[in-house]
Each structure stands twice: as structure tokens, then as C-alpha cells.
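Just below is one structure, and these are the notes that go with it.
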Amino acid sequence: MKIVIASSHGYKIRETKTFLKQLGSFDIFSLADFPDYYAPKEIGSLPEDNALAKGLHAAKELNSWVIADDTMLMVPALNGLPGKFSATFAGEDACDKDHRKKLLQEMQSLESIVDRSAYFECCVVLASPEGKFFKSRGICEGYISNHEKGSSGFGYDSLFLKYDYKQTFAELSEDVKNQVSHRAKALQKLTPYLQDLLEKHLVSRN
């Protein structure tokens, strides 16, 4: 069964592909396979808004079931920032390293783990070409390190430590991160719907 990951981000694609392959025989594509596709701009204030907009748009345009997601990093001491600005915190054209640098600057005066607490919130949407959709949410709580650690992952991974872990997301192995991350939690909640799709696809083929 064909399914499209509504992302061109290599790490997101790899993480979602790993999850899907564990479930069964999906024919997995991503937006990298559709160079002429134009993705809508992310303007939502919640991960759910962006994931739903991305998923429904891609499913209709590509005539395929689609998995889309959106993630935001929230720091309560910064009134929820970066939040909806997670991907543009240091500016529209800034890179991940610039965003991390700005976050560290904003948190310079915060010393305790309590003050540096943060959480990732991820929404994943499974959408059909006809506009049907299922959505799930995953949250991972932790805190922001006072310096970068690790070289894996992307975004704010090298700054974020999950509670009860001594390593940042950028230091964890992919296997471990794929079990405990916000995206992993959201994807796991979609398992029954994905398995149902596969079963119906196999029945229709027979």
C-alpha cells in the first residue's frame, strides 16, 4: 500500500520510515519524490493546526494516504517560546544552530532544571485523498541543557534532555530515540489505524 510522508526533511523521513516498516508492507514515499509539489506555509499556532493542514493538502494533491507531522518546543519560563516559532526562532532564513544559539541566549539567566524545563509537543496526522483523517499527539518532557551536546538528530536535539536521561536527544542512539521521542509516541498511537489500512488493502487486492 502506498503512503507518503509529507516531509522533505531527511531525519523525519528516516524516523517515520523506520516506524512504518515495522508495521508491514507499505510502499513508502516522501515529498522528496515529488519535486513539483508545493507545500503550504505553516501558519498555525498549534502543532495540530499545521499537521492537519499539511496532511490534508498533500493527500488531496498527491492522491494518496499521507502521514504529516508538526512539532513545537515549549519553554514555560519563556512563556511557551519558541512554540509556533520553533522553526524560525532566530529568523526565517536562520539555520538550526542559529535557533539553538538564540534559545541559549534567552535562557542565560535560568539556572535550575525547574526553570529550564521544556517539552516537545508533536501532532501526527494520517490523511486520505477524500479528506478523512486520524490524528494523534505525543509529548516529551525534559529540560534545556546550558550547552550543546551530541551531533546526531536535528533542531533542538543537542540541547534537550528527557527527564531520567543523562544524554541529550542528539546523544541518544536512533533506536532509543525512536522509542521515547514525542514523534515516536504520536506515531505509536496511530498503529491501529495503519494496521487497519493495510488489512483492508490486502483484502481488496485478493
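Just so it is clear, glycine is given a Cβ too, placed from its N, Cα and C backbone atoms.
The feature substrate binding site is assigned by Swiss-Prot to Ser7, Ser8, His9, Gly10, Tyr11, Lys12, Thr71, Phe154, Gly155, Tyr156, Asp157, Lys177, His182, Arg183. In this structure, Tyr11 (substrate binding site) is part of a helix by DSSP. The Cβ of Tyr11 (substrate binding site) has 14 other Cβ atoms within 10 Å, all protein chains considered.
The active site, proton acceptor annotation in Swiss-Prot covers Asp70. A sphere of 10 angstroms centred on the C-beta of Asp70 (active site, proton acceptor) encloses 26 other C-beta atoms.
DSSP assigns Asp70 (active site, proton acceptor) to a strand. The annotation Mg(2+) binding site is assigned in Swiss-Prot to Asp70.
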Sparsest-packed of the listed binding-site residues (His9, His182) - C-beta count within 10 angstroms: His9
Cα-Cα distance, maximum over Ser7, Ser8, His9, Gly10, Tyr11, Lys12, Thr71, Phe154, Gly155, Tyr156, Asp157, Lys177, His182, Arg183, record's substrate binders, Å: 20
In the chain carrying Asp157 (substrate binding site), residues 6 or more apart in sequence that have Cβ under 8 angstroms from it: Gly150, Thr168, Phe169, Ala170
Other CB atoms within 10 A, centred on Gly155 (substrate binding site): 21
Residues that sit under 8 angstroms from Ser7 (substrate binding site) by C-beta distance, when 6+ apart in the chain: Ile13, Thr16, Ser30, Leu31, Ala68, Asp69
Cα-Cα distance linking Asp70 (active site, proton acceptor) and Gly155 (substrate binding site), given in Å to the nearest integer: 13
